[in-house]
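The feature compositional bias 'Polar residues' is assigned by TrEMBL to 473-487. Residues or ranges marked as region 'Disordered' in TrEMBL: 1-41, 473-501. TrEMBL lists 107-129, 198-221, 233-255, 305-323, 335-354, 360-382 with the feature transmembrane segment.
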Amino acid sequence: MDDESNENKCTTSVPPLHQKGLLGEDHNHNQNQDDDSHKKSTFFKFGKQGSPCVKFQRLAPEKDVNTRSYNHTFRGSVHRVFNKKINWKSLQTMAKEWISNPINMVLFIWIICVAVSGAILFLVMTGMLNHALPKKSQRNTWFEVNNQILNALFTLMCLYQHPHRLYHLILLSKWRPQDISKLRNLYSKNGTYKPNEWAHMMVVVFLLNLNCFAQYALCGLNVGYKRSERPAIGVALTVSIAISAPAIAGLYSVMSPLGKDSDTDTNSVSDEESQKGIESSEKIFLLSESNPKWSGGIFDFWEDISLAYLSLFCSFCVFGWNMERLGFGNMYVHMTTFLLFCLAPFWIFTLAAVNIENEIVREILGITGVFLCVFGLLYGGFWRIQMRKRFNLPSSDFCCGNPGVSDCVLWLCCCWCSLAQEVRTGNKYDVLDNKFYRKPEGEMSISPLPREEQLNYRSTPSPTTFLQEYKSSNIEEGSSSRGNDSTLEPPIPSFIHRDAT
């Protein structure tokens, strides 16, 4: 009776193996072939109705099965990642190339300053420096100093980036074909069309501008109030917005259609490509300059003394105008950014020192602001490097054997002479499709911007304008000749009659 009850329990509780799928999908087809292998690895006890009941199953150790199961586990994936060898030479080369860029060098210094001040502020807030700073007044002083330093650093970063963000907001409001291509290259993956791209770009640009305004409000609270009088709600609100706005903008740009591949990417053709095709056809009529040169030396400003005076007294305006003429962006963005690089650090660090009672710390902050203002000239050195690389101009390696460092030193030591040389070089050539072309004889020395050409500020047109006018005149002449088409009759010879004498 016990055996029968056990057999019935086994039969009713466990369904057949071919119904459970434990023996595989092709068990019915390969039952005879796999019989021996299952006998070796599995033990069965059959029930009353002949249905098998598994009492004990032992899988044979197979290396392939174990390897596949291990590779699919998290431990196997982590093991594979850490087993990869790091190519330290290529990593070192990438680091050298990155740090050789002046903008990246300044960014690296900014990151170090933020990390050091943030670490000190965190240690003071958590009480880890109570042994080193036993008095509460000392801790309050260190807290306020590092708080003002962080406030100044983040405000400077927002000031440097805000002109570009406002410019992008203006481009979104205009939404012209040439503006669309610029915005796609900045905010859209692969620079291609995305569904509802205007709305998605507007969200990202709005959040980035909101980040700047929140930082300005936080800077006003830190500068305008002492620590004891500073409203905690206002500080918490501005800090949360200043931190969350760029974080949400970054996530939105990745998760939204802007960061994904669209099905219409291959079918969409931008207006910029068609414009490039037109320009490429126009280049046939222009004489390109294969080996362009700088216009004179760095101290040859006597070649155009009026331009030298403009570079001296209107440095920011001339710099922005020259950058837009050479195709490096909007004039007003460059003017504002360069002005902020050279003036904003002094005012920000001076205001940050107002609420600090320690006189030595105040002097250090003031000197730091002046130091950063001088190094704001590196902005001009950075764009001199870009100009030299784009137009294949000759380089000089008098400083450390590095052309990039030499360009930056030229701007640090004699910014006005460097600016005058760059403007003279731009006047010497005509710019088309990021290349220098020789100007025809009779061309004025100073070429206006494209939007100034529409106002007829010069008597001699540029090659691009000349070609467009030439094509339009040919089309008009052809249409007028076709409209007045008539049968031409041969001229009737004239007869001369002589009087008989």
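Even glycines carry a Cβ here, placed using N, Cα and C.
Keep in mind that TrEMBL annotations are predicted by a computer and have not been checked by a curator.
Non-local neighbours of the transmembrane segment (335-354) in the same chain are 148-149, 151-152, 155-156, 159-160, 163-164, 219, 222-223, 316-317, 319-320, 361-362, 365-366, 368-373, 376-380; each lies 6+ residues outside the stretch with a CB under 8 Å from one of its CB atoms. In terms of C-beta pairs under 8 Å, the stretch of 233-255, 305-323, 360-382 lying closest in packing to the transmembrane segment (198-221) is 233-255. Remote same-chain residues near the transmembrane segment (305-323) are listed as 329-335, 338-339, 380, 383, 415-417, 419-420, 422-424, 426-427, 449 (criterion: CB distance under 8 Å, separation of at least six residues from the stretch ends).
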